[in-house]
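S.K.: Take this structure, written in structure tokens, and hold onto it; I'll ask about it next.
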Amino acid sequence: MDKLRIQGGQRLHGEVPISGAKNAALPELCATLLTDEPVTLRNVPRLRDVATMRRLLEHMGVQVQTHGERGGLTLHAGAALEPLAPYELVKTMRASVLVLGPLLARLGRARVSLPGGCAIGSRPVDQHIKGLQAMGAQIAIEHGYMVAQLAPGQSRLRGARIATDMITVTGTENFLMAATLAEGETVLENAAQEPEVTDLAELLIAMGAQIEGHGSSRIRIQGVERLHGAEHAVVADRIEAGTFLCAVAACGGAVHLRHARGEHLEALIEKLREAGVSVQASVDGLQVQSPGAALLRAQSFRTTEYPGFPTDMQAQFMALNAVAQGSSSVTETIFENRFMHVHELQRLGAKIRIDGRLALIEGLGGSGAHLSGATVMATDLRASASLVIAGLVAEGETVVDRIYHLDRGYDQMELKLRALGAQIERIA
Ligand SMILES: CC(=O)N[C@H]1[C@@H](OP(=O)(O)OP(=O)(O)OC[C@H]2O[C@@H](n3ccc(=O)[nH]c3=O)[C@H](O)[C@@H]2O)O[C@H](CO)[C@@H](O)[C@@H]1O
Ligand SMILES: C=C(OP(=O)(O)O)C(=O)O
């Protein structure tokens, strides 16, 4: 099992290219199920989740071709599709639930394994099921599978008004894709406003869908009879960019993040600036400069839906707070179990106390104390990133075990960090 070995204490300098977003690429790969014409995606990141999604789509009969160095994939979901997503392919990746909407819309039936339990919370899919039922789908849970079909006498999904109990990102994406081929109008109330939802809507529009209001909390979709092929470049990954911003903030140095989109990271950038980090827009990205964590002021924050502070950046910013000056509090409001990095950060010497959904952090900056390297265990994707950041500033050697979690969502992170001057290597 691969691990990362880090020798802490280096400042970071240079330029890093930000890859396409995992959370946009995954729904966009699923959207190719909506048409029998080829769809080309560019800037698809090289990630384990993308490879898993590719295997899942190929298993259903989608032909996938890779081209070029720059993450080009052409997907062709021709006529012979088997709408089955088996447990073996679904268990490691929550996003596999995103095949349900497109399959129902295109074929009127699907059999999709419930996604496996996840470390960060229970993550039910009740809202996905309720919304698709409102569009006329009949969905039963049988032997761990969602078995879905259209109601008798119905040849297409029907447009509906869907108001979810909470804001759900993949739920919004599933409804958006399903509604493109439904009969009549669908209105999504309480829709997620994340940039990845907007990027998906832009791909769907390029395929011939009629969508208005994406990027706001109410999205209107007029169903059409068919969609066609298109070409689309996946938006830059704001969470990868945010992770590099926190890494440079903690280590100190000056780095250009090529392709990063500052307008997608406003809540995070505001906190970094308040901490004492300089973040400036450049022609094609962001320029970040930091004196190093010990001279920064720790920042309190609460995670909320976009445009608020992203839950997917909570663990990385907490690592920064642990080595900055002063005390801070972090409240996680999206997932009930997303503090698993805390125990591992404590093993490196971080002073953090958890009280329910609140973490209280006593920053080491200016106290004379430091994190000290140790072997730590990655428990989920962003927890792994937070341990890498902590390892980069800790004294001595840190080994981060179980980095298959990191490989789910970061495109060659250790190579990118090494190019910036970090001492980090992958070991078996
Ligand atoms: C592939 C992808 O895009 N993953 C992102 C997506 O996950 P995902 O789309 O799974 O997260 P949601 O936005 O759906 O979850 C928000 C909250 O709603 C709850 N919920 C959701 C659906 C449902 O049917 N029932 C229910 O109770 C969840 O358990 C969670 O507490 O958004 C999360 C929140 O920004 C991010 O952390 C993930 O990186
Ligand atoms: C939680 C995440 O991903 P997923 O929804 O794929 O588990 C994430 O990207 O931080």
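Just so it is clear, glycine is given a Cβ too, placed from its N, Cα and C backbone atoms.
Found this in TrEMBL, in case it helps:
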| type | residues | note |
| --- | --- | --- |
| ACT_SITE | C118 | active site, proton donor |
| BINDING | K22, N23 | phosphoenolpyruvate binding site |
| BINDING | R94, R123, P124, V125, D126, Q127, D312, I334 | UDP-N-acetyl-alpha-D-glucosamine binding site |
| DOMAIN | 6-416 | domain 'Enolpyruvate transferase' |
| MOD_RES | C118 | 2-(S-cysteinyl)pyruvic acid O-phosphothioketal |
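Neighbours and distances for these, please.
M.R.: DSSP assigns N23 (phosphoenolpyruvate binding site) to a helix.
Cβ neighbours of D312 (UDP-N-acetyl-alpha-D-glucosamine binding site) (same chain, under 8 Å, six or more residues apart in sequence): I239, G242, R382. D312 (UDP-N-acetyl-alpha-D-glucosamine binding site) carries a helical DSSP state (H, G or I).
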S.K.: On the 0 to 100 pLDDT scale, where does the domain 'Enolpyruvate transferase' (6-416) sit on average?
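M.R.: Value for the domain 'Enolpyruvate transferase' (6-416), mean pLDDT as a whole number: 96.
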S.K.: By Cβ count within 10 Å, point out the most packed of the binding-site residues listed: N23, Q127.
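M.R.: For the binding-site residues N23, Q127, the Cβ with the most other Cβ atoms within 10 Å is N23.
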S.K.: Tell me whether R94 (UDP-N-acetyl-alpha-D-glucosamine binding site) sits in a helix, a strand or coil according to DSSP.
M.R.: helix
S.K.: Helix, strand or coil by DSSP: which one applies to R123 (UDP-N-acetyl-alpha-D-glucosamine binding site)?
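M.R.: Once the DSSP labels are grouped into three classes, R123 (UDP-N-acetyl-alpha-D-glucosamine binding site) ends up as coil.
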S.K.: Looking only at C-alpha atoms, tell me how far I334 (UDP-N-acetyl-alpha-D-glucosamine binding site) is from K22 (phosphoenolpyruvate binding site), rounded to the nearest Å.
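M.R.: Rounded to the nearest whole number, the Cα-Cα distance is 19 Å.
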S.K.: Just the binding-site residues from R94, R123, V125, Q127, D312, I334 whose C-beta lies under 6 Å from any atom of ligand 2, please, or none if there are none.
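M.R.: The binding-site residues passing the 6 Å Cβ test are R94, D312.
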